[in-house]
Amino acid sequence: MKVLVINAGSSSLKYQLIDMKNETVLAKGLCDRIGIDNSFIKQSRGSEEAVILNKELKNHKDAIEAVISALTDDNMGVIKNMSEISAVGHRIVHGGEKFNSSVVIDENVMNAVRECIDVAPLHNPPNIIGIEACQQIMPNIPMVAVFDTTFHSSMPDYAYLYALPYELYEKYGIRKYGFHGTSHKYVAERASAMLDKSLNELKIITCHLGNGSSICAVNKGKSIDTSMGFTPLQGLAMGTRSGTIDPEVVTFLMEKENLDVKGVSKLLNKKSGVLGISGVSSDFRDLHAAADAGNSRAELAIEIFCYGVKKFIGEYIAVMNGVDAIVFTAGVGENNSVVRNMIISDMDFLGIKIDEEKNKLRGQEVDISTADAAVRTLVIPTNEELAIARETVRLVK
């Protein structure tokens, strides 16, 4: 059974074709600059170098057609025709309170996802456009929606409600939803396998650290709290996002900097985080290079980020009354040994200690704890596409 996984953004579309018989990626690619000049599709097979084709992609329908064309191409393709695709799994950022699990897509589901646009105006519209484009081109192939938010639907109300007038929650659905759920769930399950223990007997803190970052407290396989909130802006300082700040700063800035709602949203989402602090970059590789060259603000940005992660780990140890494993995942979590070391340092009183040599390993599943550590510290590469494909198979079989 071959599953096509689609992750549609506003001007890009990432995809993977996975053979679920042995869970191997047959091909993966990217359609970029959709609706913009100089658009292209890039595809690679296995370990082969990617092939890049300049192609006019006026909209997402053009992009999906380009994907099918590339997958079935005599030279760069991996299947003979579209009929070899058994199902399509779509990543959808926000399911609101309407979805607490992945679902087979039908018109009712589409309408419910559209109703979530209010709470996810940046992310859900391109996700919807991607589904509609697939439905036009592959009308007879079953499609599944996998939501970033559903793993966090197990959070208790005292964890997800904000202390605003309760009527605002009832009227607008203002509450913590959490994101990166597919990743948090996947790495928690992998941690359970690595530790050879049932998820039901484990307390795990998963740290998804990339350009967007979030922490999750996973107790007995369920998310009981997470750092992102109503939007992905809450929580840690990230690549370009401020993370949690005093809400009065918003009104102060609007007045002092003469900003409107869009202006202050752009400031908090696109110009803040480690980019805003450092003035250098949102990329940690650039920050480390600048810090090594003596840039104190780049060094400060890294310290602020690591301090934030450390605080969430402490918070979640408290709410779970302990922890068995801490997991690092995503681009920074998997590959940045300096950041991992800064986060874990000075937590040995909790039994959290890492081996410096093991910590140098990058991008592979590894236990980096010392032999005598009471808490296991694991590095686990995330695989959201495989997780989406597995959910798709589960629902369409």
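Each Cβ is built from the backbone N, Cα and C atoms, and glycine gets one as well.
Here is what Swiss-Prot records for this protein:
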- Asn7, Glu384: Mg(2+) binding site (BINDING)
- Lys14, His208, Leu209, Gly210, Asn211, Gly212, Asp283, Phe284, Arg285, Gly331, Val332, Gly333, Glu334, Asn335: ATP binding site (BINDING)
- Arg91: substrate binding site (BINDING)
- Asp148: active site, proton donor/acceptor (ACT_SITE)
- His180: site 'Transition state stabilizer' (SITE)
- Arg241: site 'Transition state stabilizer' (SITE)
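What Swiss-Prot annotates, mapped onto the structure for a quick look.
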residue: Lys14; record: ATP binding site; Cβ neighbours (10 Å): 18
residue: Arg91; record: substrate binding site; Cβ neighbours (10 Å): 22
residue: Asp148; record: active site, proton donor/acceptor; Cβ neighbours (10 Å): 26
residue: His180; record: site 'Transition state stabilizer'; Cβ neighbours (10 Å): 30
residue: Leu209; record: ATP binding site; Cβ neighbours (10 Å): 26
residue: Asn211; record: ATP binding site; Cβ neighbours (10 Å): 17
residue: Asp283; record: ATP binding site; Cβ neighbours (10 Å): 15
residue: Arg285; record: ATP binding site; Cβ neighbours (10 Å): 12
residue: Val332; record: ATP binding site; Cβ neighbours (10 Å): 24
residue: Glu334; record: ATP binding site; Cβ neighbours (10 Å): 23
### Message
Just to be sure I understand the packing, how many Cβ atoms besides its own are within 10 Å of the Cβ of Glu384 (Mg(2+) binding site)?
### Response
23
### Query
At the level of the C-alpha atoms, what whole-angstrom distance separates Arg241 (site 'Transition state stabilizer') and Asn211 (ATP binding site)?
9
## Note on the structure
The recorded positions listed are Asn7, Lys14, Asp148, Leu209, Arg285; by CA-CA distance, the one closest to His180 (site 'Transition state stabilizer') is Asp148
### Message
Distance check, please: Cα of Asn7 (Mg(2+) binding site) against Cα of Asp283 (ATP binding site), rounded to an integer number of angstrom.
### Response
22
### Cα distance (Å, whole number) from Arg91 (substrate binding site) to Glu384 (Mg(2+) binding site)
9
### Winner by Cβ contact number (other Cβ atoms within 10 Å) across the recorded positions Asn7, Arg241
Arg241
### Task
Round to a whole number and give the Cα-to-Cα distance in Å for the pair Lys14 (ATP binding site) and Arg91 (substrate binding site).
10
